[in-house]
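Engineer: As listed in Swiss-Prot for this protein:
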BINDING   18, 235  substrate binding site
BINDING   120, 157  ATP binding site
């Protein structure tokens, strides 16, 4: 007679980001992919808007930073913080929100020292420049990034965080290693550079680079002609990478799976021609991508 094995509960992730009622940015881009990967997600929303600001008009409210601490107090009162495997943060619109997120990370780590913090340092992008308040890049660099185990800047944000110009692969590697040196000691110190377009890459592609202490991996996908560029892709890739990294504990594998999933989302979005990314319609791609883009070791 054999005894049945005990059920395995999902890992828990605390995600502190913006929220929109319509469309997919912030937590509305991170929540479902993480759930589809098998995680429980505790969301704390920093804003509640009707839609993302890329439309030029929206309704809703920005929540006070104190709400982050208040909601975390309520979660902590349930006695579950020791079960939190990771914290994910995205757009932080004020100095108070940066401080509140950093304090939330510290409280989770007090309860579970093994918990990871994945910081998506949303500050700007190529073609748009810095789109947050002028004081925020320095605050994110000096307060949030040093607490992070994983950081997911786009190419523009990598340059902003390091003060280095990135146009070639070696420059991207050097800047990523420089940024790695500022992350929290004791963690994986993993830098994931998204939306990488470099002079020495093949034409018609876009890349993501993952750099750890053990090496570096590059994943390349076709560059789809999405005009205008779709909002929420950075939020989605940060969530997908974190989820796959927690599942595999391997940066190269997580990079390949997350980029393959994101390409499928964007390819479907392009084919149907919608302004919002097709996160729900492409959900099967999160766990079993129909087209796998391998991560090539480059260092």
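Cβ from N, Cα, C; glycine included.
Since the structure is predicted, the reported quantities are computational estimates derived from the model, not experimental observations.
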Engineer: For residue 120 (ATP binding site), what is the secondary structure state per DSSP, taken as helix, strand or coil?
Structural biologist: coil
Engineer: What number of additional C-beta atoms lies within 10 angstroms of the C-beta atom of residue 18 (substrate binding site)?
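Structural biologist: Residue 18 (substrate binding site): 26 neighbouring Cβ atoms within 10 Å.
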Engineer: What whole-number Å value do you get for the CA-CA distance of residue 120 (ATP binding site) and residue 235 (substrate binding site)?
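Structural biologist: About 8 Å separates the two Cα atoms.
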Engineer: For residue 235 (substrate binding site) and residue 157 (ATP binding site), determine the Cα separation and express it in whole Å.
Structural biologist: 14
Engineer: If you measure residue 157 (ATP binding site) to residue 18 (substrate binding site) at Cα, how many Å is it?
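Structural biologist: Computed Cα spacing between residue 157 (ATP binding site) and residue 18 (substrate binding site) is 19 Å.
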Engineer: Including all protein chains displayed, how many Cβ atoms other than that of residue 157 (ATP binding site) lie within 10 Å of its Cβ?
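Structural biologist: By my count, 27.
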Engineer: Inside 10 Å of the Cβ of residue 120 (ATP binding site), count up the other Cβ atoms and send me the figure.
Structural biologist: 30
Engineer: Give me the count of other Cβ atoms within 10 A of the Cβ belonging to residue 235 (substrate binding site).
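Structural biologist: Within a 10 Å radius of the Cβ of residue 235 (substrate binding site) lie 29 other Cβ atoms.
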